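If you check Swiss-Prot, you get these features:
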ACT_SITE  Y127  active site, proton donor/acceptor
BINDING   G12, M13, L14, D38, I39, A62, W63, T64, Y127, K131  NADH binding site
BINDING   M13, L14, D38, I39, A62, W63, T64, Y127, K131  NADPH binding site
Amino acid sequence: MTDRWLVTGAAGMLGRDLVALLRGLNEPVVAITRHDLDITDRLSVRAVVDRHRPTTIVNCAAWTRFGEAEAGESAALLVNGGGARELAAVCRDRSIRLVHLSTDYVFDGTSRRPYAESAVTSPINAYGRTKQAGEQAVLDLLPDDGTIVRTAWLYGRHGMNFIRKMVRLEQLRETVDVVDDQWGQPTWTVDLAQQIVALVRHGASGVFHGTSAGEATWYDLARMTFRLLGADPGRVRPVPSDRIAGGELRPRYTVLGHDAWREAGLTPIRHWTTALTQAFPLLNADES
């Protein structure tokens with residue numbers, strides 16, 4: 001049976017690439033933006049689902065504004081926790097597969113090795129707590145048909161991100177200060193979109209980490225961006241997190257392990273440097 005996809009958050013960086021990929025594969029897909037649907041509204045969620053009758057929903061919708069989540073956690077929780085619960089509930093009632101996007105920030109960052117998919121979550125900030133609530137709702141309501149894909153440090157063509165910010169700052173400043181004590185995995189939205197499609201086609205469920213292989217600091221990522229621009233990476237200066245507003249609330253080490261992909265018979269996402277080298281001409285063209 002052909003999958004019928006419904007993608008929420010379809011105007012976002014990942015959502016746009018996922019919808020474009022599915023259309024390129026001639027897969028039936030409905031792109032839903034926040035203007036089309038409030039995922040916290042139960043009646044609206046069920047009406048949209050019943051109108052389009054998808055077999056798979058990918059929830060890319062989220063409250064991602066980190067600082068605003070700290071200032072108003074209840075509003076972020078309504079979307080990241082409550083919205084996920086509403087989608088999971090309708091998927092349970094209609095026998096629909098749900099892929100829910102989550103974050104590395106569900107972890108506290110105290111580990112010194114990549115977090116396994118089964119590692120205990122312990123967020124240290126409001127954003128992480130609200131995303132943890134969404135994960136739990138999906139796993140509680142859809143133990144067999146729910147899939148959590150945690151991702152991190154996303155970049156892509158559609159919307160502002162760290163790479164595009166560095167491209168602009170290289171043109172505006174002689175030097176750029178970048179945090180060098182937070183570790184993660186830069187991940188191209190195109191790679192993640194391909195991984196989500198492979199996951200659904202394979203019929204796998206559970207928790208997966210949708211991040212690139214390898215690890216880096218923001219400082220490492222900024223230096224590589226400068227190198228790809230043909231600029232001097234020495235213009236990037238390392239600074240500690242406590243020099244950045246809100247830095248104390250961000251976990252230091254949230255590198256994610258990828259064993260679940262291999263156990264499901266799937267290949268994890270490639271190394272972040274390989275992906276960025278391929279993606280960069282596309283990103284830079286948009287800034288020219």
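Glycine too: its Cβ is placed from the backbone N, Cα and C atoms.
Sequence features annotated in Swiss-Prot and their locations in the structure.
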| residue | record | CB count, 10 Å |
| --- | --- | --- |
| G12 | NADH binding site | 23 |
| M13 | NADPH binding site | 20 |
| L14 | NADH binding site | 28 |
| D38 | NADPH binding site | 16 |
| I39 | NADH binding site | 24 |
| A62 | NADPH binding site | 25 |
| W63 | NADH binding site | 22 |
| T64 | NADPH binding site | 17 |
| Y127 | active site, proton donor/acceptor | 27 |
| K131 | NADPH binding site | 31 |
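Taken residue by residue with DSSP, A62 (NADPH binding site) is part of neither helix nor strand, so it is coil.
In this structure, the CA atom of M13 (NADPH binding site) is 13 Å away from the CA atom of W63 (NADH binding site).
Under DSSP, Y127 (active site, proton donor/acceptor) is assigned to a helix (H, G or I) in the three-state scheme. Secondary structure at I39 (NADH binding site), as computed by DSSP, is coil. When the binding-site residues G12, L14, W63 are ranked by how far their Cα is from the Cα of D38 (NADPH binding site), W63 comes first.
DSSP gives M13 (NADPH binding site) a helix state. Among the recorded positions G12, L14, I39, Y127, the residue whose Cα lies closest in space to that of T64 (NADPH binding site) is Y127.
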